[in-house]
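**Q** Sharing a structure here in structure tokens format.
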Amino acid sequence: MKMDYTRLEFLGFIILLQLDLSFALRREEAIAYLQKFGYLQIPLSPRAPNYRPEQLAEALRTFQKATNLPVSRRLDAATMRMMEKPRCGLEDSFNDKILRYRIMGKWKKKQLTYRVYNFASDLGEGKTRSAIQNAFTYWGEVSPLRFREIQSGKADIKISFHRKDKSCPVPFDGRGHVLAHADAPESGLIHFDADELWTEGRSSGSNLRIVAAHEVGHALGLGHSQHYSALMGPVYGGYRSNFKLHPDDIQGIQALYGKPQSSSPAAAPGGSAPDLCKVTLDAIMSGPKGQMYLFSGQFVWTRSGSVSASVSGPVLISALWKELPGGLSAAVYSPRTSKSYFIKGDKVWRYSGFRIDHGFPRRLNNLPANIDSAFYSSKHKKLVFLKGSGYWEWDEIKPGNFKSYPLQISQLFKELPVTPTPPSRGPTTRFTCSKDRKFGKSTRTSRR
Ligand SMILES: [Zn+2]
Ligand SMILES: [Zn+2]
């Protein structure tokens, strides 16, 4: 009996030792990760650094925040899994002050050449070159930058694939984890890990077009974004068939190089970009964080909520909300459910952020077609739809009976002394533009 008990105890000891050892190993790996990607400072002394628990907790907090994980400040399973995901080789160097795009440098010229020196073995020359070309197109569509491929001579941006060898001063790590890295302007170096399985059109492997678009972002001067879903986020987001740039990516590149010229295909398909001061607005939507979206025809302008009220755009509506048509009847964002609703004719599109919700667009059941406008009433916590002199209120969470509607608009505005979100008026709203291009309230409203 005594023997067995001792053996059991011994076994328990071994298991504990192994658990401890694997945790210590994980901790060491995590520290190496946090050092490599800029979350922990590497001390100057050659001795193994001994980080204080609060230093580690802070580094983990920043990493968890940047990668959209629950902030536990601990090395939990989700954090370990995130550290194993494929990612870019550049540092993140985030701090609390910079939450959006970061800038690493800038090219002085706007016409840039690029050259692809060798190719992804699984894709071959043709598919490698078209993936790279598409990667440049994303940035060219939203900026005045122009890119041209050359096949000999010195290019501005130099693209090549490297193995785990000495051909790059920062050698790659074989398949998985670090996929690629790039230098800031005006170096123009972009390196891909040749040991990755580079693919196109499927979710296995790493999508060369999307990873290349990220690295081109670096070569053009953008650092890592703390918007986890932005292209410039540090962790590879995986293959998406409908991939497009995040508004944060667009704001970043436009902060560096400005908006696309009117001949750009993104700004104006077959015509010049309209002037916000001259167009008739179809709808206005107060989005999250004080952002305001102004819709006219196929285009949308964005006004940030800051005091300076800078307006950016226009971009095609479909560049932000892919499935959404132009010529909207109304648009409204609900702070209660964080959903955006867009109405055109007798249909409604509902979005979570910039992603369409399943089952949409749908036909409007209880509302007339071609409503004039919509807004969110924070007092009633309801969406309010206006047409003619009537209005309808709709509770998103407990949809009620529409039979008592429409009610008279005059009644509504008697009840709502101040509407915090300006109603997006009907199809003939204009913005008044003063000389410094600040935008006043809508002045004229007439109804069809
Ligand atoms: Zn990167
Ligand atoms: Zn390299």
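Easy rule for this one: first residue shown is 1, then count along the chain.
Using the three backbone atoms N, Cα and C, a Cβ is placed for every residue, glycine included.
Those TrEMBL annotations? Automatic predictions, nothing curated.
Relevant sequence annotations retrieved from TrEMBL are reproduced here:
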BINDING   Cys88, His214, His218, His224, Met232  Zn(2+) 2 binding site
DOMAIN    103-259  domain 'Peptidase metallopeptidase'
BINDING   Asp156  Ca(2+) 2 binding site
BINDING   His181, His191  Zn(2+) 1 binding site
ACT_SITE  Glu215  active site
REPEAT    278-324  repeat 'Hemopexin'
REPEAT    325-363  repeat 'Hemopexin'
REPEAT    368-416  repeat 'Hemopexin'
REGION    418-448  region 'Disordered'
**Q** For the C-alpha pair, I'd like the distance in angstrom between Glu215 (active site) and His181 (Zn(2+) 1 binding site), rounded off.
**A** 6
**Q** Where does Glu215 (active site) sit in DSSP terms: helix, strand, or coil?
**A** helix
**Q** Around the Zn(2+) 2 site formed by Cys88, His214, His218, His224, Met232, which additional residues qualify by having Cβ within 8 Å of the site's Cβ center?
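**A** Going along the sequence, the neighbours appear as Leu90, Ala182, Glu215, Gly217, Leu222, Gly223, Ser225, Leu231, Gly233, Pro234.
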**Q** Running a distance check here. Ligand 1 versus the binding-site residues Cys88, Asp156, His181, His191, Met232: which have CB less than 6 Å from one of its atoms?
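**A** Going through Cys88, Asp156, His181, His191, Met232 in sequence order, those close to ligand 1 turn out to be Cys88.
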**Q** How many other Cβ atoms are found within 10 Å of the Cβ atom of His224 (Zn(2+) 2 binding site), counting all protein chains shown?
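**A** His224 (Zn(2+) 2 binding site): 27 neighbouring Cβ atoms within 10 Å.
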**Q** Reported in the order helix, strand, coil, what are the DSSP residue counts of the repeat 'Hemopexin' (368-416)?
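**A** Secondary-structure composition of the repeat 'Hemopexin' (368-416): 7 helix, 18 strand, 24 coil.
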**Q** Restricting to the repeat 'Hemopexin' (278-324), report the mean pLDDT as a whole number.
**A** 79
**Q** Checking proximity to ligand 2 here: which binding-site residues out of Asp156, His191, His218 have their Cβ closer than 6 Å to it?
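**A** His191, by Cβ distance under 6 Å.
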**Q** Of the binding-site residues listed here (Asp156, His181, His191), which is spatially closest to Met232 (Zn(2+) 2 binding site) when Cα positions are compared?
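**A** For Met232 (Zn(2+) 2 binding site), the spatially nearest of the binding-site residues is His181.
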**Q** Measure from the Cβ of His214 (Zn(2+) 2 binding site) and count the other Cβ atoms within 10 Å, all protein chains considered.
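**A** The answer is 27.
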**Q** Here are the recorded positions: Asp156, Glu215. Which has the lowest count of other Cβ atoms within 10 Å?
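**A** Relative to the other recorded positions in Asp156, Glu215, Asp156 has the fewest Cβ atoms within 10 Å.
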**Q** Using a Cβ-Cβ cut-off under 8 angstroms and a sequence gap of six or more, which residues of the chain neighbour His218 (Zn(2+) 2 binding site)?
**A** Cys88, Leu90, Met104, His181, Ala182, Asp183, Ala184, Ile190
